[in-house]
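As structure tokens, the structure follows; a few thoughts come after it.
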Amino acid sequence: RFIAKPCAINLGIQDSGPHRAQPNAILEKVFTSITKSPDGKRLEGLSKQLDWDVRKIQRWFRHRRNQDKPTTLTKFCESMWRFTFYLSIFFYGIRFLWTAPWFWDTRQCWYNYPFQPLTSRLYYYYILELAFYWSLMFSQFTDIKRKDFLIMFVHHLATIGLITFSYMNNMVRVGTLVLCLHDASDFLLEAAKLANYAKYQRLCDAFFMLFGVVFIVTRLGIYPFWILNTTLFESWELIGPYPSWWLFNGLLITLQILHIVWSYLIIRTAYKALMRGKVSKDDRSDVESSSEEEDVTSNSTKGVFSTSSNGSNRINGHVASGQWTEE
């Protein structure tokens, strides 16, 4: 409110929403009480009742759905908040871990386990991360539902489960490595969204490509060969198969599966961007085309990534660019 909004206004971002649908009591009643996306049969019936052609009614419903979406200013402010958090917590984690012995030797995560001290800096790092992911979990139900709702729900559950479980079992050393690794790319995606909302397209694409490289290196390279290696093999060697070993590693492997899915989507988006000279739209879009084309035509031309409602894109919510970073 006091920082992001003035920044957005100075960048020329207006607090104006999409085109509003003209008032119509009959269509409004159908929209609020029956369906927000009427099928062909209902469209024909409404067309006869109102003496409107079907395309005009389709446009009305599209405009009516879009007018409930947040404005670009709202999405900019949301992304700026996430960018601030991700950047701050990442540098806090790096500063804290730089002097930690287990950052340089992962076997230190298991020496003298479980009798390892919980320092105040480590405690606050954990509590901040846990609070943030709980906020994401709750806000997912109040935000407009996106097509990747289930994937993100599983991701948040796995993340909260891992943070809580590792804290309760005093596996905080390896937990800090997982948290810091995941924060390494998220602020780059939010930076790309900010550039996109401000219409700095080249900067937006540059941030997205950098995000993609960092994401793939950390999630498909460092994570399995550094994190999973120590939790699966080094822990087994040093402390044996403790009772919760299977659950802990099951959650970590679940995250790795999500990393693979998201990496595939990022690579596909980047490839289409290179082929077309711009980043394509996202299947997950919940902001619809404002063109005069029919919904069917509009949907058939969508690519991989597109725009979302609250500017929080996640390929941790992660998706991407031009039109992509709006989620």
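Note: Cβ is positioned from N, Cα and C throughout, glycine not excepted.
Listed features, source TrEMBL:
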- 74-275: domain 'TLC' (DOMAIN)
- 83-103: transmembrane segment (TRANSMEM)
- 123-142: transmembrane segment (TRANSMEM)
- 207-226: transmembrane segment (TRANSMEM)
- 246-267: transmembrane segment (TRANSMEM)
- 282-327: region 'Disordered' (REGION)
- 301-315: compositional bias 'Polar residues' (COMPBIAS)
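Mean model confidence of the domain 'TLC' (74-275) amounts to 89 (pLDDT, 0 to 100 scale). Stretch with the most C-beta contacts under 8 angstroms to the transmembrane segment (207-226), considering only 83-103, 123-142, 246-267: 246-267.
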